[in-house]
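I have placed the structure first, in the form of structure tokens, so that the comments after it can refer back to it.
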């Protein structure tokens, strides 16, 4: 198939109608660049939402790589979850041979930047933040691995029932800090920042109007971030939980032993990668380090790594090493990890914090509405006072005209919204009384 015709069968409804989706977006600035293209910050003009657009050049891709692009579009469009980067739309330019993916904008960067920040500050990431991020990633993987939503916790002592697996399950296959994005709470304005005014928006607006030191904390405050799992370009969708993938993909530092040994693998490979990510959050370096790929491969196959620093609890250390387990029979699944009491405690804490923040948001919203209503009441009182004064002046003027013997003119049809009929009776009263 000719490269320019590759995406013809995948045309979106807008393209079929002759209106490409990219015409609805305004590009603000480039925020990243990779081997296949760039990442740009854009505004969806009709809704004025701040989004991200991935510009992917497919002209030099082989058939396998182009199929991965289609797979990413398909997977992202199906995965709707608060801890997964939301996919909005896609489009392509046949002349430039570029595919455009429109996705949620995560304003706090990614987990690798967070780890780098703490490493530069020579500080450990607080354990509460580590548990919170682990709990959020597990809820995202639960959606991927079972194809269903994770039930909300009522209490931390709730016992989960084994999930009824959905039709399709997804293995991410490239779980690493750079693919884990950070944002604010859903009630914040990370993708809903509104732009007042015109369709054309100055890109400096978003440099000057970021949510930073307000109720969400400083730019480097990670205590209230929401984790978003993204970059599903290497993900594989399996029709049933019995199927195993065999393709060799992923990032070496976070790659599971079964992938390295070219063996069939399952969602448990994502658990291994997640364990490596959480280990790096605690130790500020990957669990397996080597001077060359062969040495790294040997270390991963053996599965031997150091414990996390003593700054962290034994419980956290234990759950990390349970995920970095070479034995697939003893490596826990997403469901089993979510049964852990500390994970449940972290989940419940996140639920309560989110509920509290929403209450504060509603309180602030009500306060703002109250201020607006008070301002409007003052304005209405002022206007009413002016109307009363004008009414009194009009009546007195007509009374003076009658007393002086002048002919009373026609009452004006309206004075600032008061119609002539309302003035007609008082004017007639004065006219007959003093005749």
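Counting begins at 1 with the first residue displayed.
Each Cβ is built from the backbone N, Cα and C atoms, and glycine gets one as well.
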Matching range for Swiss-Prot feature annotation, region 'Disordered', among 1-22, 23-44: 1-22
For the domain 'Protein kinase' (25-343), the mean pLDDT of the predicted model: 80
Other CB atoms, at most 10 A from the CB of residue 174 (active site, proton acceptor): 19
CB contacts for residue 31 (ATP binding site) [other CB atoms within 10 A, all chains]: 13
Other CB atoms within 10 A, centred on residue 37 (ATP binding site): 18
Candidate with sparsest Cβ neighbourhood (10 Å radius) among 33, 39, the listed binding-site residues: 33
